[in-house]
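Positions annotated as substrate binding site by TrEMBL: T32, G33, S34, T35, D87, G88, A89, D90, K106, G107, G108, G109, K133. Positions annotated as active site, proton acceptor by TrEMBL: E115.
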Amino acid sequence: MKTEGGSREAKRRAGERAAEEIDDGDVVGLGTGSTAAHAIRAIGRAVDDGLTVRGIPTSFQSRQLALEVGIPLSCLDAVDGIDIAIDGADQIADDPDASGFGALVKGGGGAQTREKLVDSAADRFVVVADPSKLSETLEQSVPLEVLPDAHALVADEIRRIGGEPTLRDATHKDGPVVTDNGNLLLDCAFGEIDAPDELATRLSSVPGVVEHGLFVGMADAAYVGTDEGVEMREY
Ligand SMILES: O=C[C@H](O)[C@H](O)[C@H](O)COP(=O)(O)O
């Protein structure tokens, strides 16, 4: 599990505010990470109070938490659509004058493949974060989920296009992190990412890459919790 940064209160405010968007009867994408967890707990409390929803988890972690707080679950192939997804981010491009405004780096917890499936299928995708995630330009390493057999080839290709790949190591076992899907993770540093859409297209074209953590043009809004309240961005 990655270390939790940022203020817990700010994350809680963001998660709880986003959960207020949910309507009775909604199918809800349940994001992964410490900020989305606050939204999941708030949805659980609303379910206790009578709200009817079905949750679509984006990871083992979000599934376990949803079960714990009593959210009825479903899966992608059993629903007609997803009304809203609430998910965290590792970095959010926050320059309104730049073309990548609202682009995200995700996958700090290794969940970007399922997150991208669920978040992109949602009619509305809402990001929840604390202010430490905002950055004029994306510069965080981009996590790539890769087929185990392909990790060395993918790493070579990333170096060729100017990135520095690092195989993500597990903290509580010897060897690499293995994702929920049985794959490996390469964290790829590219420095400042001036054109996230171009890099996203390039990464998607590398054989062996299952999914990358650049989410470009996907988010509809972000709730950014602060120590005083919640700021909203619309994209
Ligand atoms: O794989 C993990 C996800 O993309 C998370 O949503 C992301 O890492 C943000 O997590 P947190 O809210 O804990 O910072």
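From the backbone N, Cα and C atoms, a Cβ is placed for every residue, glycine too.
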- line: Distance filter, Cβ under 6 Å of ligand 1; input binding-site residues T32, S34, K106, K133; output T32, S34, K106
Task: Please classify the secondary structure at A89 (substrate binding site) using three-state DSSP.
output: coil
Query: How big is the substrate site in terms of the longest C-alpha to C-alpha distance among T32, G33, S34, T35, D87, G88, A89, D90, K106, G107, G108, G109, K133, in angstrom?
result: 15
- request: Work out how many Å separate K133 (substrate binding site) and the residue listed as 'active site, proton acceptor' at their Cα atoms, rounded off.
  value: 18
- request: Round to the nearest Å and give the CA-to-CA distance linking S34 (substrate binding site) with E115 (active site, proton acceptor).
  value: 14
- request: To the nearest whole angstrom, state the Cα distance for the pair T32 (substrate binding site) and the residue listed as 'active site, proton acceptor'.
  value: 8
- prompt: What is the interatomic distance between the Cα atoms of A89 (substrate binding site) and E115 (active site, proton acceptor), given in whole Å?
  reply: 10
Field: Inter-residue C-alpha distance, K106 (substrate binding site) and E115 (active site, proton acceptor) (nearest angstrom)
entry: 9
Query: In angstrom units, rounded to an integer, how far apart are the Cα atoms of G108 (substrate binding site) and E115 (active site, proton acceptor)?
result: 12
Statement: Rounding to whole Å, the Cα atoms of D87 (substrate binding site) and the residue listed as 'active site, proton acceptor' are apart by 8
Query: So how many other Cβ atoms are close to D87 (substrate binding site), meaning within 10 Å of its Cβ?
result: 32
Query: By a simple count, how many Cβ atoms lie within 10 Å of the Cβ of S34 (substrate binding site), its own Cβ left out?
result: 22
- prompt: Which residues, same chain and not among T32, G33, S34, T35, D87, G88, A89, D90, K106, G107, G108, G109, K133, have a CB within 8 angstroms of the centroid of the CB atoms at the recorded substrate site?
  reply: G31, A36, A111, A129
